[in-house]
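Structure, as structure tokens:
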Amino acid sequence: MSNVSSQKRQHFKGAEVSCSVKYFLFGFNIIFWGVLSNMASITDLGGFDPVWLFIVVGGVMFILGFAGCIGALRENTLLLKFFSVFLGLIFFLELTAGILAFVFKDWIKDQLNFFINNNVKAYRDDIDLQNLIDFTQEYWSCCGAHGPNDWNLNIYFNCTEFNPSRERCGVPFSCCVKDPAEDVLNTQCGYDVRLQGELDQQKYIHTKGCVGQFERWLQDNLIIVAGIFVGIALLQIFGICLAQNLVSDVKAVKANW
């Protein structure tokens, strides 16, 4: 009788849930949760209400975080399988989006142009959107989608003779070429600048469009961008493997009960 009990104990000890895998998966979900939270900071998308984007991203964040964390801590195979399948679905969608973006790159370029011009129109309507456009123009040293004249789409900056705005025929300060000698930002540096010829404009503002500058930036940083996407993909695959490993451990332990 004692030999049978000893064999059962030895058999049970042979299959156990790995604590390192369990808590590693929990930690993975905390990191993944944080990455998705940062995605919710994306603002206006050409007329699409950012509230809905926040709700969708927040929902995905909550579902994945809940399934992964609770599934790992409680060793719940149903939640772990759900987490694994959901993460696999996101990976598949990202892969599909990447392929489509490569195949329809001209369409993507047109959409980027539409996105920037739409937001140029609404520049003064949303402070978050305004900050995003200013950051984009400063970071890529650009102005408008294709050039400074795109700011004619905005009611405050257009050059029509009926425009009473002081910013008429101007551009936002983020289009201005920064003077290294100036410590204080001159927010009026773009006033009346489009009343001058193109060669004179180049002395004061960036005359290249943001679409072209973005394409150049993408070409110059293609390896880094590709590396980031590959890193995210490997992280997701790693999470799926962790979840499947934990499911196998839990099933092995249950099989010995």
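Cβ from N, Cα, C; glycine included.
All TrEMBL annotations are machine predictions without curation.
Predicted, not measured: the structure shown is a model, and the values here were computed from it.
Annotated features in TrEMBL:
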type     : residues  : note
DISULFID : C143-C159 : disulfide bond
TRANSMEM : 21-40     : transmembrane segment
TRANSMEM : 52-73     : transmembrane segment
TRANSMEM : 85-104    : transmembrane segment
TRANSMEM : 222-247   : transmembrane segment
Close in space but at least six residues away in sequence, with Cβ under 8 Å from that of C159 (disulfide bond), the same-chain residues are N152, R168, C169, R194, L195
Cβ proximity for C143 (disulfide bond), under 8 A, sequence spacing 6+, ordered by residue number, returns Q137, D150, W151, V171, S174, C175, I205, H206, T207, K208, G209, C210
